[in-house]
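Reading through the structure tokens given below for one structure.
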Amino acid sequence: MTISFQNIKFAYGNQDVLHGVSGDLKSGRFYAIVGPNGCGKSTLIKCLDNILHPHTGTIELDGVSIKKIRKKELAKKVAYVAQTSKIIFPLDVFSTVLLGRRPHVGWLPGEKDRKLVNRIIDELGLSDLIMRNIDEISGGELQRVQIARALAQEPSVLLLDEPTSSLDLKYQIEVMQLLKQVSENKKITIVTVIHDLNLATRYANRFILMKKGRIIAHGGKEVINEENIKTLYETEVQKISHGTQTYILPV
Amino acid sequence: MTGFIVLMLLSVAGLTIGSSGLTILNIPELLLGKGDEVSRQILFHIRWPRVLAAILSGVALSVSGAVIQTVIRNPLGSPYTLGLSAASMFGAALAIVLLGYAAQHGIAQSLKNSPYLITLSAFIWGMACTFLITGFARWRGASPETLIMAGIILSALFGSATSLMQYISNDVELAAIVSWMFGDLGKATNQNTLFLLVVIIPSMAYFIYNTFNLSTLNAGDEVASSLGINVNRLRMITVLTASLCTAVTVAFFGVIAFVGLIIPHVTRRLVGFNETYVITGSAIFGALFLLASDIVARTIVAPVVIPVGIITSFIGAPFFLYLLFNRIKKR
């Protein structure tokens, strides 16, 4: 499934956030959207899932405008993992993942939905936590639960808003590894907003660089270079290669 | 199942406890149309509407509290927190004072003793407050924080307006206003309980139909939206429906405090956070709690019957404090 967005403009009140961004997200790829705070990365992925509505521009899924797709139908194609928010009434892990079946069921989920959710929980190594409330599990486990819930939607595209931001190194790697597996094994397009350039270059294969509401570069690993990073963050960096990996270090 | 059995037992207790000498043994014959007329009147026109009113009000208040807590993602949510009770109280006080003024000046004498005008005014002001809050929240983007803030502001405003009504009222009107403030199931009749039933059945059907949708709100608005939910519409219809149930209850029986606030929390402790269980559990526990509270209200200083609203406040306030401190301790 290809997401194509053209000339997207969005503002919160009087504050313009996106200034006419355009691009194509092709099927089965792992995209990382990087850029400084407040540059419109999160806003862009929320627009792509119709959570926010752009003031101008078009977003199409395989050539069909998302405005013409019913919310429930869109939810069968595109899933979204939000930044971790405060949990007020914590559901258990199973019930949280089961929420992902919402677009596929009428009133309440049935046996088929429960079986699918059990399988996903098993695949993501969450079986031991299945009856635990989500406020009783670690940040990394919670992030896996959110991804499991998104996978229960059986989407073609998975959008994630800073899935590693509140995690320690071990869980950051675990979550990114999981996303890579999902991308490769299930052929789901992954689009993640991420701050850590080294994690991004290690796992993602396509990059979108944003600054002040505009896309300044996009492409493969070659776009993560000293010049672009300096333009993005106004900081001198050095790109170091080690084996097949490249690392970005501040000078 | 246990809840239903306890509810049945409490209902029988509610029908038979009292000063008339009516016992459980009399009920079958009265149901078959036998027995004396006085006992029949007591059973079918006093005790039965009162028990039914306790059950229905308990269901309405606690389920309304539960769903509002979910949609505004705030444990302190309830139609009362959104200003409904303060607005209804003002509506009743305004009607009492205006009717008193009209009677003093020879206007609309026939309306002087009409309790329905007071009920209608309480209902209209309660719903007007809800429409004001939901309209304001919609205008400002319908965030849960906006709803709570607007509720606090409007509660203060209507509280002041009620104080003004009390200040300008005479002794009789003041007594009527104070009496109305305490929720009292003694005002139950077959007519108003039937009306309540007609409002509650479709409302509960709406909540139960939307249990899975309401559960998605626990994951946050953005995730719920990405799951295909029209979040603003669900929130608005839920708040309006819950407020309707509460407004009808408050308009008929007055303010019965704490039921909508504590019962959902007790339910969540007992059955977890799945909305299907929270809603059905709140309905059962709310009915049980109000029925038991009303039996206590009728018996604790018998033959004097005290308003059930006082009992629920006495039980509810310390219990809520206990829940609060327990939660802090747990953290």
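A Cβ is built for glycine as well, from the same backbone N, Cα and C atoms used for every other residue.
In TrEMBL, annotation is done automatically, which means it is predicted and not curated.
Listed features, source TrEMBL:
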- B:6-27: transmembrane segment (TRANSMEM)
- B:48-68: transmembrane segment (TRANSMEM)
- B:80-103: transmembrane segment (TRANSMEM)
- B:115-136: transmembrane segment (TRANSMEM)
- B:148-168: transmembrane segment (TRANSMEM)
- B:189-209: transmembrane segment (TRANSMEM)
- B:236-263: transmembrane segment (TRANSMEM)
- B:275-292: transmembrane segment (TRANSMEM)
- B:304-325: transmembrane segment (TRANSMEM)
Stretch of maximal Cβ-Cβ contact with the transmembrane segment (B:236-263) [cut-off: under 8 Å; candidates B:115-136, B:148-168, B:189-209, B:275-292, B:304-325]: B:115-136
Of B:80-103, B:148-168, B:189-209, B:275-292, whichever stretch has the most CB pairs under 8 A to the transmembrane segment (B:48-68): B:275-292
In contact by Cβ distance (the transmembrane segment (B:148-168), the transmembrane segment (B:80-103); 3 or more pairs under 8 Å): yes
Folded-back contacts onto the transmembrane segment (B:189-209), same chain, C-beta under 8 angstroms, at least six residues removed: 44-45, 48-49, 52-53, 56-57, 59-60, 63, 67, 119, 237-238, 241-242, 244-245, 248-249, 252, 276, 279-280, 283
